[in-house]
Amino acid sequence: MVRVALIAHDDEKPEMIDFVTAYEGILSEFDLVSTGTTGKRIMEETTLDVDRKQSGPLGGDTQIGALVAEDEMDAIVFLRDPLTAQPHEPDISALLRICDVHDVPMATTRTSAEYVVEGVAADAEAE
Ligand SMILES: O=C(CO)COP(=O)(O)O
């Protein structure tokens, strides 16, 4: 099963909902994990089921980073707000870094999210 994390900062949550709605068919085949508020929104507004971790500022990015470190994630969609400083910036940087260390693809924009999700779906299909 393909394992994908879905994370969005507040300004990007509408974009995340739009993205997961458009890709609901593909994403419904995946094991999904999310930070707290993003996951709540996704479950309220789509039929997708996600494993909700803590909200980002309370450690959700760190929990997802731990899954990456344990080789339990195949891809991350992280729609970051590039224009607003976050109180938990060190946690966000740590998640980016651990994805680099383990070569786990991370998409930080809508278009890159489409490529990454389509790519991991195609890989799964080929296996
Ligand atoms: O802050 C976040 C990621 O850094 C997202 O957290 P929430 O999904 O709980 O809003």
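Backbone N, Cα and C atoms are what each Cβ position is placed from, and that goes for glycine too.
Within the model, the domain 'MGS-like' (1-127) shows a mean pLDDT value of 97, rounded to a whole number. Taken from TrEMBL, the feature domain 'MGS-like' applies to 1-127.
The Cβ of His9 (substrate binding site) has 21 neighbouring Cβ atoms from other residues within 10 Å, across all protein chains displayed. Annotation comment: TrEMBL describes His9, Lys13, Thr35, Gly36, Thr37, Thr38, Ser55, Gly56, His88 as substrate binding site.
Within the same chain, residues at least 6 positions away in sequence whose Cβ sits under 8 Å from that of Asp61 (active site, proton donor/acceptor) are Ile7, Thr35, His88, Asp91, Ile92, Ala94, Leu95. Positions annotated as active site, proton donor/acceptor by TrEMBL: Asp61.
Cβ environment of Ser55 (substrate binding site): Thr35, Gly36, Thr37 lie under 8 Å away, each six or more residues apart in the same chain.
Largest Cα to Cα distance within the recorded substrate binders His9, Lys13, Thr35, Gly36, Thr37, Thr38, Ser55, Gly56, His88: about 17 Å as a whole number.
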